[in-house]
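As recorded in TrEMBL, the features of this protein are as follows:
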type     : residues : note
DOMAIN   : 1-387    : domain 'Major facilitator superfamily (MFS) profile'
TRANSMEM : 20-41    : transmembrane segment
TRANSMEM : 48-68    : transmembrane segment
TRANSMEM : 109-131  : transmembrane segment
TRANSMEM : 137-156  : transmembrane segment
TRANSMEM : 201-222  : transmembrane segment
TRANSMEM : 332-356  : transmembrane segment
TRANSMEM : 363-382  : transmembrane segment
Amino acid sequence: MSIAILPMSAEYNWNPATVGLVQSSFFWGYLLTQIAGGIWADKVGGKTVLGFGVIWWSIATILTPVAAKAGLPFLLVSRAFMGIGEGVAMPAMNNILSKWVPVSERSRSLALVYSGMYLGSVTGLAFSPFLIHQFGWPSVFYSFGSLGTVWFAAWLSKAHSSPLDDPQLRPAEKKLIFANSFSKEPVKTIPWGLILSKAPVWALIVSHFCHNWGTFILLTWMPTYYNQVLKFNLTESGLFCVLPWLTMAFSSNLGGWIADTLVSKGLSVTTVRKIMQSIGFLGPAFFLTQLSHIDSPAMAVLCMACSQGTDAFSQSGLYSNHQDIAPRYSGVLLGLSNTAGVLAGVFGTAATGYILQHGSWDDVFKVSVGLYLVGTVVWNLFSTGEKILD
């Protein structure tokens, strides 16, 4: 959508405020199903929940051009519907990984799964301009939407919510997983009072907000920044947007490998999470402050890539932490902290439009840097890598 919005807004004569509305409508739905998706995954298993989510958002994607032709309200509803489907994905993935992966492989497994999201962004941003030029903007939604249905068929036959459900798993593998695992019973009730009384849970929530503010602004506004400030055209904007995501895919896996190596060498999980997340906050903060001193477009793109690259170390910091502190409730916990993260996306995306009307891109980056610094302090004071909820 961040690429297709350019020809769509020209065709339907949308002003910047309407473009912002269309971009943010996805988050309305996405916000609704974070916690619900976590509760559902912890109770019925991640396989069902993720399968439902993918089919739901694939249909919503395919219907997007139809909705746009019917009128703006229909488009906003279809985007919000797409968000409802995507909202369950991360809690469901977290739930599946917490059951399947031993602690010593946690950072790598999470980084590997999340790098799929980055490579998806790369593919989308790289192919969208080509599809738009060849077949018109609706083709983007038809082609990407139909891919989800292909994935769903494979998922139904191959995936299992837990090692207990997999008939093909070798006994030795089962033994390895369960030796390093947690209680097997599905969650019946969720101890909200206990969860919300813990400081490390609030450290997760606040840090997730601070982290996503910067990430979502770059995600939704980067093509516009490249187009307006660096004067790239549609195809160039799409291709240059790919670089930060490629960097993230690489560095999240690098960070995961470093984190797991440090844990296996005997460093405490708490220390490792604090180191990784500090890189994930202070790296982007440093590179964004450099952007205002840079004149050449090539250096600006490089700075953006370095900012996103260091940002991806968060996969081995706050994103791995839900499974550390509450493995049984990891889906719910991710839903909670990601709700704060999505709110940062909603407010950050909207606030950026407002700031740009009254100020400059420098001001946009200053707000992000401020929040990265707040996140660093909160994370280092209150987070832990130890289990605090059984």
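Each residue, glycine too, has its Cβ placed from N, Cα and C.
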Maximum Cβ pairs under 8 Å to the transmembrane segment (332-356) - stretch from the list 20-41, 137-156, 201-222, 363-382: 201-222
Using a Cβ cut-off of under 8 Å, list the residues of the same chain at least 6 residues beyond the transmembrane segment (20-41) that approach it. 1-2, 5, 8, 14, 49-50, 53, 72, 75-77, 79-92, 94-96, 190, 220, 331-336, 338-339, 342-343, 345-346, 349-350, 353
